[in-house]
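Peer 1: Submitted below is the structure of interest, expressed as C-alpha cells.
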Amino acid sequence: MFLKLALGATLLGSASLADICIEKTASLPSGWIKISDTVDPNEQYSFSIALKQPQMKGLQKFLTSAQEDLLSLTDVTKMRTPTAKSVSKVQAWLRSHGIQDIDTKGDWVNVRATVGQTDALIGSALAHYIYDGDDASVLRTTEYSIPDALEDDIDFIHPVSNFMKPARSNSKIKWLNETDLAKRDPPCTSIITPKCVRDAYNFHYETPDGKSTVTMGVAGFLEEYANYQDSDQFLSQHAPEIAAKHYNYTVQLINGGENPQELSKSGPEAALDVDYALSLAYPANLVFYSTAGRSELIGENGTVDSSRTSTNEPFLEMFQYFLDKPDGEIPTVLSISYSDDEVSVPRPYAEKVCSMIGMLAGRGMTVLFGSGDGGAQGGRRSNCRTRDGSNKKIAMTTFPSTCPWVLAVGAVNNANDPPKAASFSTGGFSQYFEQPDWQKEVVSEYVKSIDGHLDGYYEPGNRAIPDISAVGTNVLVLTNGQPGVLQGTSASTPMIAAMLAMVNDARARAGKKPLGWANKLLYSEKVRSVLLDVTEGESISCDYDGDKPGGWPAKPGWDAVTGLGVPKDFNKLLDALVHADD
C-alpha cells in the first residue's frame, strides 16, 4: 500500500493513474443534447475542484442531538477546511500538467486551463452541450477520472459533468381582469389571497411593538426579478393595513445577481414569493437574495474576461455566500422555490450542497424548498428514469428537497374543505439520501398503507418528501402591473416560511434560539398533533410510453404528496414550536 501511494504521489501527472471514475452520466437528462464534438484544445476553460472536508463528520451528530448553542462562523470554517496535505497534493497534480492559474479558497481549488489541459488532466472529452430553450452551449463531459492517489483528497470537479438545470414552477400564469377580481377579494374557493391564507390557518400573529429582529430571506434565480411597484400595488390592494406601515423588502445581490426595476422585467415567480412574504411575514426583516447562475469575471486589465466566466450553479454560489457571512447576518428562514429532478443532479454535487445546507441549519437557518410541480414525475414532468445507464423506471423526486436538512414543502388544493392533495405536488423517495431516524416511523406506516403500490419504482428506506404542505392552487399574484393566478409549491413554500419566521420572532422574545433545522421537531408527536392531516387526492403518475402505474396517494398520517399535512391553527403550531424544547 505504501509503495502504491508513493508512486502515485510521484506520478500524479501520468494518465495511467487516472483510474478512479468520479462521475459518469450514461444518459443525458431530459432536455440536454450534444451539439458538437469539435472543441479547440486551446480554448480556455474554468472549473473548480471540491476538496474533501475531514471534519464534516461531526455535522450530523451536532444537528440531531440537543444543542443549546448554534454553530458559529468559526465552527463551520473549521468543518469546511481541507487538510494542508490535500491542498498541496492537488496543486502539485495541476502543475504537473502545466496548469498555473490556480486559486485556492477554503475547500475549493478554482482553476483556469485550456480544454486540452483539462481533458489530459481528468481523462475527459469536453464537448458542447445545450439545454432545450437556452441560447448558449456549455462545455461538459459525461465522464471523468482522477488519479487513485487523490481519491482521499477530492470530492468532485465542477461543473465538468453537471447537467442539472434548476427550474421554477412550470405553471403558466393565468391573467385576470378587474371583473374576475370584482374589485375586492374574491371567494377563497376560486382565488387565494393573503387574507385567505391568514383565515385558513388562523395566522394572525402580531408583535407587541410592531417590530421584529427576525430576518426572512427569499431566493431569486434565473432572471426572476422582484419589482417594488408591483409589490407596493399588491399590498395596497390585498394587505392595505401593512401597506399603510410602509413595510418593504431589501435586496442583496449574489454572484453578479441583478434586480432591475423596469416593470417589463418583473418576474411572476419572484412576485409570488415577495407578495406573500410581505403580506404574511410582517414585521420580519425581509430580504430578496438575487443570485446569478453564471457571472462574468473581470480580468486583470479591468475588462470582462469571457474565459473566466463563473460556471458554478446558483445553489453553490448562494450557500457559499451565506456560509461566509458573519454571525447574526444570515436569515433565520430562507424560502427557495427552485429545484431539479434529483437524478439529474450529480450525486457528489448533491451531497456537497446538502452539507452546506446542514451547516447553515446549524447556524440557525431553516431552509425551505418547494418539493416541485410534477407529482411522481418530479420537478419538470420527467421521463421517470435513472441516468446511470440502466434506464430504470423510477418515481422521481427533486433536489435539494431530498436533502434531510431541508424542510420540503408540498401543496394542497384550495377548492376543497377539508383540503385535498394537489395533483402536481411532488413527493416520493430519494435515490441518494438515506431515511433519517426521525422519519422512519411515519414513513413505514405509509409504505404499509399503500400495500405494494409502486413497488420497484422507489427506495422505501430512503429520505421521503414532502414534510409539510400549504395551499398552492389559484394563488393571486401581481406582476407587470397586472393580476394573475399561479399554482405550485412555489406558492405554498413562502407561506410556510412566513409562519416559521413568526415562530422565530416568538422564540426570540422568549429568549430562545431560532428553530434552525426543524425537521426532527416537526415530526415529533407534539407538533404532528397540531397539523391537519390530508387524506384525499393523488399526485400525477409517471408515464412510461402510455403505461401509467399511478401517483402517490394521500393517506392518513404522513404521505408522499402532502407530507404531514397542513397547519390547522397557527396559534397551536406556534405554541408547539416555541415550547417544544422546554
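Counting starts with 1 at the first residue shown.
Each Cβ is built from the backbone N, Cα and C atoms, and glycine gets one as well.
So TrEMBL lists these for the protein:
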- GLU269: active site, charge relay system (ACT_SITE)
- ASP273: active site, charge relay system (ACT_SITE)
- SER490: active site, charge relay system (ACT_SITE)
- ASP533, VAL534, GLY557, ASP559: Ca(2+) binding site (BINDING)
- 191-579: domain 'Peptidase S53' (DOMAIN)
- 1-17: signal peptide (SIGNAL)
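Walk me through the surroundings of each of these features.
Peer 2: DSSP assigns ASP273 (active site, charge relay system) to a helical segment in the three-state reduction. Around the Cβ of ASP273 (active site, charge relay system), the number of neighbouring Cβ atoms within 10 Å comes to 28.
Taking the Cβ of SER490 (active site, charge relay system) as centre and 10 Å as the limit, one finds 29 other Cβ atoms among all the protein chains shown.
Cβ neighbours of ASP533 (Ca(2+) binding site) (same chain, under 8 Å, six or more residues apart in sequence): PRO556, GLY557, LEU564, GLY565.
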Peer 1: How long is the line from the C-alpha of ASP559 (Ca(2+) binding site) to the C-alpha of SER490 (active site, charge relay system), rounded to the nearest angstrom?
Peer 2: 19
Peer 1: Under 8 Å Cβ to Cβ from VAL534 (Ca(2+) binding site), same chain, six or more residues apart: give me those in sequence order, or none if nothing qualifies.
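Peer 2: The answer is VAL412, PRO418, PRO419, LYS420, ALA421, SER469, ALA554, ASP559, THR562, GLY565, VAL566.
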Peer 1: Where ASP273 (active site, charge relay system) and SER490 (active site, charge relay system) are concerned, what is their Cα separation in Å, rounded?
Peer 2: 7
Peer 1: Please average pLDDT over the domain 'Peptidase S53' (191-579) for the predicted structure.
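Peer 2: The answer is 91, the mean pLDDT of the model over that range.
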Peer 1: Given the recorded positions GLU269, ASP559, which one is most crowded in terms of C-beta atoms within 10 angstroms?
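Peer 2: Per the Cβ count, the most surrounded site is ASP559.
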Peer 1: Does DSSP give ASP559 (Ca(2+) binding site) helix, strand or coil?
Peer 2: strand
Peer 1: Reported as an integer number of Å, what is the Cα distance between GLU269 (active site, charge relay system) and SER490 (active site, charge relay system)?
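Peer 2: Here the two Cα atoms are 7 Å apart.
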Peer 1: From the centroid of the CB atoms of ASP533, VAL534, GLY557, ASP559, the recorded Ca(2+) site, which same-chain residues not already listed sit within 8 A by their CB, in sequence order?
Peer 2: THR535, ALA554, LYS555, PRO556, TRP558, THR562, GLY563, LEU564, GLY565
